[in-house]
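Annotated Zn(2+) 1 binding site per TrEMBL: C522, C525, C562, C565, in sequence order. Residues or ranges marked as Zn(2+) 2 binding site in TrEMBL: C531, C534, C549, C552. TrEMBL lists 289-455 with the feature domain 'Helicase ATP-binding'. Annotation comment: TrEMBL describes 503-740 as domain 'Helicase C-terminal'.
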Amino acid sequence: MYAKVIVDVPAKQTNRAFDYVVPLPLRKWVEVGSRVGVPFGPRVLQGFVVELQEESSVDPKRVKAIQHVMDVVPPLTPELVGLGRWMSGMYLCHEVTALQAMLPGALKAKYERGIQIGDHAGEQARTALPDVLDILEFVRLKGTVGMEALMERFPNEGLLVKQLIESGALSEVQIVKDRMNTKKALTIFPPEQIGVLEDAVQELSVRAVKQKEVLRFLMDHPVPIRLAELMDKLQVGAGTVKSLSDKGWFELREVEVGRDPYAGRTFLRTKPLPLTDEQDHVFQEIQSAVAAHRHEVFLLQGVTGSGKTEVYLQSIQECLDQGREAIVLVPEISLTPQMVERFKGRFGDLVAVLHSRLSNGERYDEWRKITRRQVKVVIGARSAIFAPFTRIGLIIIDEEHESSYKQEESPKYHAREIAVQRALQHQAVVVLGSATPSLESIQRTRSYRGGKPSYRLLLMQQRVAGRPMPKVHIVDMREELKGGNRSMFSRPLYKAIEERLHKKEQTVLLLNRRGYATFVMCRTCGFVSTCPHCDISLTYHQSSRMLRCHYCGYAEREVSQCPSCSSEHIRHFGTGTQRVEEELGKLFPGIRVIRMDVDTTTEKGSHEKWLTMFREKQADVLLGTQMVAKGLDFPDVTLVGVIAADTVLNLPDFRSAERTFQLLTQVAGRAGRHEKLGEVFVQTYTPEHYSVQCASRHDFGGFANHELDIRATLGYPPFQRLILITFSHEELPLLVKSAEAFVTRLKELAADQLRSENDLFSAVEQTPEPAHMEVLGPVASPISRIKDRYRFQCVVKYRGNVQASQLIGSAVSWFEERSSKEKLQISVDVDPQYLM
Ligand SMILES: Nc1ncnc2c1ncn2[C@@H]1O[C@H](COP(=O)(O)OP(=O)(O)OP(=O)(O)O)[C@@H](O)[C@H]1O
Ligand SMILES: [Zn+2]
Ligand SMILES: [Zn+2]
């Protein structure tokens, strides 16, 4: 038997599968998805088995053998291995990079695997076959057995061992000298004859109050308890407990604990709520697709507070009832304890939580619950999309428009695309939910394939219980300036905050820090410098005092007078949260402000801490960046203020209007979600802009139509797709020369393909849209130098049946063959979220 193995060296030369013999003793242990050690040149490397076959076309004398297998249960499923191949073609990354991205960090480190007796060994032992007893006995005697020792002793029992692990009779662990090891905790085991503690209490001196308290507690609760928990409960020191165990009243020893980050927290079980008509309609659609095992993608557009989460919960229940599994993605910053609580409250221990604030070890424990089939639901941020489930029925992506679903480093995948790809393999349903769906997704509900829209649109236009949407006021900051107000707070917003302080209600203030001080705007008339070729605002470069276009390279000198109204109040624009906080303090002495931004939330758990404080009304104002805009559900928030809506609007990015609309809608949605009415003030220098106007009317449809028209005219997504190619080199002249050579070659390749493609189209007379591809640039990247490397970029725009990734792949190979010694780096970003 032969295995095709992808070795763990992300390089062009190793970006293919190599053939290895599977030696006889390993045959029962190796599967597609197994990690193996293979000889490669002088070294032994880690690799992934991606295929098994009876024959190999490689000369048998030259084929080497797999040395060892690293895990009993392969960390990847055959489906994920296939996904890795797809990703490498789609996103132009090394296959091994894609596979590695699917594993929890703990598994990427150097380590060894071992087998121990599991929690359920006892049950097995009673009913088991002699073979099983042999294995269990062997492991029991050794404590921890290395993979190799086990395989040597039971070469033919691979399947059986896997079954034992699945049933919990054995458990796979990491034997590492490192921190990743499974965690142990000192635990108290009360004696079986609990009555003896009564004697102990009598024996102790009257002054040993604390010790007696511990013993009494154990008599009332005669079950094992962690030392830390007991100390916490009774407010006693470790010494007190230790002295009791030294006297032999009970046993104190270390046991392995799952690092469940939510351990010890009790989640109130919740029952499904009776659905509103709108919710029920949506739920029926989703549930019937799930029940029919029909692959379908739904776009659920529901206004803020319409009760999307309840629909998710009931759909998941439906999926579980069918014996299938569900993945829920939420943006990292919405993955708060409140969010987790809603899922754990409904599904209890069937839920695993994966997010980046967990330590490597915690993540690994959660991930193991999936491979051990202990959980049926995974809730997590982007990378949870790779959860190694084998019977997926439903994948939910909440806030599907969020740009954080796109990974910025290789593999530069979009979780939405991965979700659809995986769901296709599982005949599963995808639900993309948002109050402000991305235009890409909206367009897919309107474009038909085989008579059906690619995505199906489901709508929820009412808030639950007939609660009204908050009233949104647009405040024209140009008028404020004319009226002599130079403060960053307009008079209406000032009054509104004052009122809330008086009524003891709460306020959320949003300041967008992205794009800090980068664009130039006239404070008198709102004029913003834009590129004459691209309809995108120019970026101010402090060092050269120039304004530049990041798409086409156009540049102009900084101006000191507004070209539109000749005012001298023109300057680069931006303000920080800290300054807003100071000003609040001056305007409203004694005001209690919680500031949430990157500076105040770096510490683990700080994000949750601030939100809890705010929920408990320890502050009047929650002031922050984007992180205050999403998912928060506080009953006493009746006012939302946006300090400057324009900061996003004028970013040099074709998505800036979309992002502005999304942000304004999301943050407005935080107000008045419960009994009290909500009110929103949006301060802006461009009150007439359609993104501001539509957001103020809660008019998603109007915004989408307007924006789609513009995108169609300018040839931007979703009508054309983009690929960003970035070149970098230490020497500028070489970089420019290479980038130009690359672009020339790419254009040649594209011309060839397009010719044949469009010939084909005209031959069959059925072209929905003719294939088209253009290459813009190369121009200097917006960030023109990083770590002493200069950067240039080009943007590929294409539509129709163009194999753009493949074309770029060929151009990259062509280039690398010619210039192997030059240190030019090329990085490719398919469907980039930011063109930087
Ligand atoms: N059928 C229902 N009956 C009563 N209350 C409900 C129902 N569905 C949801 N709710 C409540 O309505 C509130 C808003 O629901 P939820 O948070 O799910 O909205 P959402 O659409 O996810 O909002 P957002 O997009 O703003 O996060 C919650 O407090 C929720 O418990
Ligand atoms: Zn002006
Ligand atoms: Zn331009």
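Yeah, the Cβs are placed from backbone N, Cα and C, and that goes for glycine too.
Please treat TrEMBL annotations as automatic predictions, because they have not gone through curation.
Values in this document were obtained by computation on a predicted structure and should not be read as measured data.
Neighbour counts were taken as the number of other C-beta atoms within 10 angstroms of each residue's C-beta; across the binding-site residues C522, C565, the minimum falls on C565. If you take the Cα of C562 (Zn(2+) 1 binding site) and the Cα of C531 (Zn(2+) 2 binding site), they are about 15 angstrom apart, rounded to a whole number. Here the C-alpha separation of C525 (Zn(2+) 1 binding site) and C531 (Zn(2+) 2 binding site) works out to 18 Å. In this structure, C525 is the one among the binding-site residues C525, C531, C549, C562 with the smallest number of other Cβ atoms inside 10 Å of its Cβ. C565 (Zn(2+) 1 binding site) sits 18 Å from C531 (Zn(2+) 2 binding site), counting Cα to Cα. Other residues of the same chain near the Zn(2+) 1 site, with their Cβ within 8 Å of the Cβ centroid of C522, C525, C562, C565, are R523, T524, G526, F527, P563, S564, S566, S567, H569, I570.
Secondary structure at C522 (Zn(2+) 1 binding site), taken from DSSP and collapsed to helix, strand or coil, is strand.
Averaged over the domain 'Helicase C-terminal' (503-740), the predicted model has a pLDDT of 84. With a cut-off of under 6 Å between the Cβ and any atom of ligand 3, the binding-site residues C525, C549, C562, C565 reduce to C549. Within the set of binding-site residues C522, C531, C549, C522 have a CB atom less than 6 Å from some atom of ligand 2. C522 (Zn(2+) 1 binding site) is 16 Å away from C531 (Zn(2+) 2 binding site) when you measure Cα to Cα. The two recorded residues, C522 (Zn(2+) 1 binding site) and C549 (Zn(2+) 2 binding site), show a Cα separation of 18 Å.
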